[in-house]
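Everything below concerns the one structure shown next.
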Amino acid sequence: MKNLWLFLVRYNAFFWFVLFFTVSLLLVVQNNRYQRSAFVNSSNVVVGSFYDKLNSWKSYLALEETNKNLAQENAELRQQLQKFILADTLDSVQIADSIEENRYRFTIAEVVNNSIHQKSNFITINKGSSEGVEKGLGVITSNGVVGVVLNVSPHFSTIQSLLHPDTRVSVTLDTTNVFGSLAWGNNVDPRFALVRDIPNHVKVQKGMKIYTSGFSLFPKGIEIGTVEETGIVSGESFLDVKIRLRTNFSNLNHVYVVKDLLENEKNLLETQTEDNNG
Amino acid sequence: MGSVVLFNLFRFVALIALQVVLFKNVGYYNLATPFPYILIIFLLPINIPNFILFLLAFATGLTVDAFYDSIGVHAAACVALAWFRIFFHKITLDVDAQNSFETPALGNMGSKWFLSYIAIGTVVHHIVLFHVEYFSFSNYLSTLLSILLSSIFTILLIMLISLLVYRRKSRLLGN
């Protein structure tokens, strides 16, 4: 005990230095916006490039699966293309809306970090503000919805995954055009999610498909999943429906960031309408 | 004793005022910015207790931070400078000098000792200051250039101020 005391007294300058310097650095990191973001942001250069490196090795393991998915997507696209090629253009009047064609811009990105076992799950991708990714854009994959962009740095972005209690996506139920909102809720299983606020009078059957409604960030008609269980009653006049997600979150690899080029126009119009209503 | 406190208090107010009114607006682009206010810490009495020294250094840094809107950056640099000061005194002064209550000013210590004291201390302070402020190792060459040019600027200003208030009194060192 005495020796310890002597040791502390002998090197007291060093210990005071450590104490005061730590307090100063704490103040710096706590109060200065730049240092805080450089210090703790999950999409910072050090963490981001580490995951990038790690992923470049891990991606070899998933190569077979990725190839299969890409081939399948190719096939689906080819099938859609075929419809246009075969369509008889001579006796149909062209009323294609050229605005609608270019309404969405897709940026392909690679997933460099992913989690599915947390209560709130986040994904990091290797595209950032320098590639045109912005806060609040939607993220999809070839077979479903992934989430919403939460934070961007020049070369990386973090995504609030669909597997997050605060994520909501506007969806429609198969051919009925009834819409509800998709949420993971307090779920723990990354394969399932809930569709809330389906009116009670709608007959929901197992196996019905769920699509995006096009009201929110995502283009209309992306298949999200199929109804797994019906008739979970939330209140008086609405149904909660359990669905099986089509996106496999455990092996996400390539995703597309969707930019709605007409979003500002739409929002502006909608706020004007709200203003008029008082 | 009372006059020492008064002198240091006056020096504190004057140098902080000079720093935030005048030297904050002086600089060569963003490369060379002078911080002669650190003379406050250099000139505290020699045998001041370590804890008081660190406390005063921290307070000085925090005061400048308040004017520069950079809470903690200058405080960290000043605390590092205080540590350097203790180390430098320990290896350059004999026991008698270490226990005296003198101000380690140019007139008391001789120009050779004083210049090396100011030069090394300023470089230490600026190294910590710019690293904490930039907080990244990207574009490191410009950080080093800022440290070098600002240090030269600060040292020149401190020597200028010291010569202006030069008063030859007792000599603690033999030369």
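A Cβ is built for glycine as well, from the same backbone N, Cα and C atoms used for every other residue.
Taking Cβ pairs closer than 8 Å, the transmembrane segment (B:6-23) reaches residues 33-37, 39-40, 43-45, 60, 63-64, 67-68, 103, 157 in its own chain, all 6 or more past its ends. Per TrEMBL, the feature transmembrane segment maps to B:6-23 (among others).
If you look up TrEMBL, you'll see B:35-59 (among others) marked as transmembrane segment. Residues of the same chain lying 6 or more positions beyond the ends of the transmembrane segment (B:35-59) and with a Cβ under 8 Å from any Cβ of it are 4, 8, 11-12, 15-16, 18-19, 23, 74-75, 78-79, 81-83, 85-86, 89, 93, 97-105, 117-118, 121-122, 125-126, 129, 150, 154, 157-158, 161-162.
Taken from TrEMBL, the feature transmembrane segment covers B:71-88 (among others).
The transmembrane segment feature in TrEMBL is assigned to B:114-132 (among others). Through the fold, the transmembrane segment (B:114-132) approaches residues 35, 38, 42, 72-74, 76-78, 80-81, 84-85, 88, 92, 104-106, 143, 146-147, 150-151, 154-155, 158-159, 162 of its own chain, all at least 6 residues removed from its boundaries and within a Cβ separation under 8 Å.
For B:144-166 (among others), the entry in TrEMBL reads transmembrane segment.
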